[in-house]
Amino acid sequence: MDFRHRHLLGIEPLAPAEITTILDLAERYVELNRGPRKHADALAGLTQINMFFENSTRTQASFELAGQRLGADVMNMQMQASSIKKGETLIDTAMTLNAMHPDLLVVRHPHSGAVDLLAQKVNCAVLNAGDGRHEHPTQALLDALTIRRAKGRLHRLNIAICGDIAHSRVARSNILLLGKMESRIRLIGPPTLMPAGVADWGVEVYDNMREGLAGADVVMMLRLQKERMDGAFIPSEREYYHRYGLDAEKLGHAKDDAIVMHPGPMNRGVEIDGTLADDINRSVIQEQVEMGVAVRMAAMDLLARNLRSVPQEVTA
Amino acid sequence: MTIQQEGTRPMTTLFTNARLIDPERGTDTIGALLVEGGEIKDILPHAPDDPEMFRARNILDCEGKCLAPGIVDIGVKVSEPGERHKESFGTAGFAAAAGGVTTMVTRPDTTPAIDSPEVLEFVARRANADSPVRVLPMAALTKGREGREMVEIGFLRDAGAVAFTDCDAVVTNTKVFARCLTYARSLGALVIAHPQDPGLSDGACVTSGKFASLKGLPAVSPMAERMALDRDLALVEMTGAKYHADQITSARALPRLERAKANGLDVTAGVSIHHLTLNETDVGDYRTFFKVKPPLRSEDDRMAVVEAVASGLIDVISSMHTPQDEESKRLPFEEAASGAVALETLLPAAMRLFHAGHLDLPTLWRALSLNPAKRLGLAQGRLAAGAPADLVLFDPDAPFVLDRFKLRSKSKNTPFDGARMEGKVLSTWVGGERVFGA
């Protein structure tokens, strides 16, 4: 199926067949990335700007590598250090960048909806690399690719997502994607870290982790931000680990072949036991990183194809 | 039309064939209305037969359109002083006239806040010079709206402040608020508060629920409104003050309001037109023109509040006119400024409630005109002999598509841009003088 979107702003507007298209193309890039010559020319001659208004190491590196392997000219802009501090608005920044004629703009921003706003004002393809607590579509796509490779399918799986659901864009994008692919989703976490109205999302909600993990095929752990550990949302780090940290005993409630995932960076001993995270029989955390590059190559490739055929519109 | 004075007789105008909307008697009937010297002189079931009566008078055939008391709008922000680039008394006044609003009761949340008789005098002077409609200023309740020291309530009242409010800055210190209420009571001054628990609502820009969670926006439960209302009502019971809640927007707050009124507390409540006609999902893809304070609620809450207006539990509908320029709205949703302009869209938006069958016109006008006037001790809001001839003539059925750039306000931040609306103001009179319409 065709992929007919100008931007990749979220999972929400994607049809299941479009998700499959991205994942199928990503499989080919996995092969390329594992081969001796890691180069393709899908983005040759195009300019990719990575604009991160929030700190990021791995996502930015992943997008950078993806762009370079496809032959794009890649530029990184650390926005938290630059013009925002001088009072420039997001729109002005967008217009400034627009004048540099980028073809692909990869944006991360601390506010929900900010990437959508920016996408309305530039005439290039925009990829959302995470906006506030809204969406992080490439993370959900790389998670889906990892799951599909491990389990052979994305439908009829029991997927447990554990931790700080309320503040997680990764959780939102994953819930949307895996729901579209017809898997069952359970959310596990303390009620203070559950979003309001979560009962209406078509998911099952557990505050007891052992119950939530029973029969799970996939256990997806989320990072708990340091600033949320100090008594405002949970009483303490150690109580959180006791009740919601993933260890071998709790994982024993899931299926015997359940895989363990984490979007990184991990807090060992807070949300996940260090030994378990390194267990190559259960943990696919390293593979997630690998899939990340391939999925981002696929997403940018598809958007670039549309760029070349679809007439450009500008809104100011 | 200009009203000519004939000899020494006072200016007179006879409105014939009008659909008279009388909120006081709750009637909607065809008749005639006689205006003399800026006041309503008489209401007649039909035009008088005696041709002598027509001599030297202006006769205006209303062609069966609605004639109602002009709207008394509590809570209009005119961004003077401080932000005249967003709105001035001139632009707000012409917008009001075009919207059928004949009295703007203005908010003190300006820069600086209207918290001293000197600033209030400036406002009154600017308003008189520039606004074609009546302007009655409110003053802050505490200095700088900081919730620490009360303003000179007595001096400000003498200078013309009709009510005291810190607007959306909640006085968190209950001792300070209790003293303000007690002092205001001794002067018979009306205190208007914004019931919203500041702790629970801190940082929130939408109402919590499925929609907010999916959009990843920081949200507040509508319970924050009930909590703050509970606190305020306890203090009103303690002090006996005259209290008005600026916006009650959630179902859960309504029983508290009902009980307070039943217990005889001097309490009234308002709601903005946006909370009556829009809900949380209208925000859609982060449309910042739909960001208001308090945030738009669920459809269940909206319907509960509409019913509360119909029953009279909620007394007042206002525009909560809040001009914001493009720069303060073209930002990510969390960073964008709150508020919407509404002076010109208040009446057509209210007509949505009429056309949906939720509220009849006399009930609407009770909330738009009679109740706010009564609450402020004004003679407006009535179609009765002796009342000021502040009138609006409108066609409740005239359809149009709203274009925000045609609004008279300097700021164009309306959530109704591109919306299909029904209900057009044809003419507006203040004190018998036409301020809008041909």
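Note that Cβ sites are derived from N, Cα and C of the backbone, with glycine treated the same way.
Model, not experiment: these values are computed from the prediction.
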| message | Quick check on the annotation: TrEMBL has A:Arg58, A:Thr59, A:His136, A:Gln139, A:Gly264, A:Pro265 binding carbamoyl phosphate, so which of A:Arg28, A:Arg108, A:Arg238 does it put in that site too? | response | A:Arg108
| remark: Of all C-alpha pairs drawn from the carbamoyl phosphate-binding set A:Arg58, A:Thr59, A:Arg108, A:His136, A:Gln139, A:Gly264, A:Pro265, the farthest apart lie at a distance in Å of 16
| field | Chain-internal residues near A:Arg58 (carbamoyl phosphate binding site), provided their CB is under 8 angstroms and they sit 6+ positions away | value | A:Gly264, A:Pro265, A:Val289, A:Gly292
| note | Quick tally, other C-beta within 10 angstroms, A:Thr59, A:Gln139; top of the binding-site residues is A:Gln139
| request: Have a look at the binding-site residues (A:Gly264, A:Pro265) and report the one with the fewest Cβ neighbours inside 10 Å. | output: A:Pro265
| Which residues, in sequence order, are found in the same chain with Cβ within 8 Å of the centroid defined by the Cβ atoms of A:Arg58, A:Thr59, A:Arg108, A:His136, A:Gln139, A:Gly264, A:Pro265 at the carbamoyl phosphate site, excluding those residues themselves? | A:Ser56, A:Ser62, A:Ala129, A:Gly130, A:Val170, A:Pro263, A:Gly292
| message | So if I measure Cβ to Cβ from A:Arg169 (L-aspartate binding site) and keep only same-chain residues at least 6 apart in sequence, which ones fall under 8 Å? | response | A:Ser112, A:Gly130, A:Asp131, A:Gly132, A:Arg133, A:His134, A:Glu135, A:His136, A:Gln139
| task | Could you tell me which of the binding-site residues A:Arg58, A:Arg108, A:Gln139, A:Arg169, A:Pro265 sit with their CB under 8 A from some CB of chain B, listed in sequence order (or 'none')? | result | A:Arg169
| note | CA pair A:Arg108 (carbamoyl phosphate binding site) / A:Arg223 (L-aspartate binding site), Å rounded to integer, equals 17
